[in-house]
Amino acid sequence: MTEIADPRDRLIVALDLPSVQAAEALIDRIGDAATFYKIGYQLGYAGGLALAERLAARGLKVFLDLKLHDIGNTVEEGVRSASGSGATFLTVHAYPQTMRAAVRGRGAGLRILAVTVLTSYDDADAAEAGYGLPVAELVAKRAAQAAEIGIDGLVCSAAEAGSVRRIVGPDRLIVTPGIRPAGAEAGDQKRVMTPGDARRAGIDHVVVGRPITGAADPRAVAQAIVADLA
């Protein structure tokens, strides 16, 4: 696990919202209770990439969850473009050619995270998609490939975090979605964990969306999660 001085940096708030205006309103409500925000497809296609630059200019950290996967040159140039946004993290799918291209394009300030297997997948989903391995084995294989290629960190479920840590060692980042405070609904995530359990499992950053974005007091929820992560 990497050393992180400010426990707020361990929480990544997922801005899974339909507009930049909604995202900015949420960020204002959260205030200094959070320092790290994730922008994915929904917001990214609605002006979120420009928002990423503005947030970075304010000293906030940004995770571009774009899950790139294409031919090598396209990924390399896409990563190179994303590096100009000021983002801290960018995701790619954990296919060897994609990861190698991302490493070539990342530049100095951007960290590349490889998505092993989506946290909405279980073994039945993996089989339906044509993978010949159960989820745990597929995650382990992709984690080992990512470490060999030089990826900065892995995105995996909390259920696989321990095995991933053993494979990639102490210095690579582990980022985990599907984190739910105690008592929160799992939603469409199938492999979940509480923030405190995630911290004890050696996870560096947790991604939390709906429990914060849908809360009556998102600042209070963010503060409670950070306290659980400290």
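Keep in mind that glycine also has a Cβ here, set from the backbone N, Cα and C atoms.
Listed features, source Swiss-Prot:
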type: ACT_SITE; residues: LYS67; note: active site, proton donor
type: BINDING; residues: ASP16, LYS38, 65-74, THR119, ARG180, GLN189, 209-210; note: substrate binding site
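Everything Swiss-Prot records as a feature, shown here on the structure.
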| residue | record | DSSP class |
| --- | --- | --- |
| ASP16 | substrate binding site | coil |
| LEU66 | substrate binding site | strand |
| GLY72 | substrate binding site | helix |
| THR119 | substrate binding site | coil |
| GLY209 | substrate binding site | coil |
Around the Cβ of LEU66 (substrate binding site), the count of other Cβ atoms that are within 10 Å: 19
Candidate with the highest Cβ count within 10 Å, taken from the binding-site residues GLY72, GLY209: GLY209
Alpha-carbon spacing, ASP16 (substrate binding site) to the residue listed as 'active site, proton donor', which is rounded to whole Å: 15
Other C-beta atoms that fall within 10 angstroms of the C-beta of the residue listed as 'active site, proton donor': 18
THR119 (substrate binding site), number of other Cβ atoms within 10 Å: 24
Cβ neighbour count (within 10 Å, all chains shown) around ASP16 (substrate binding site): 18
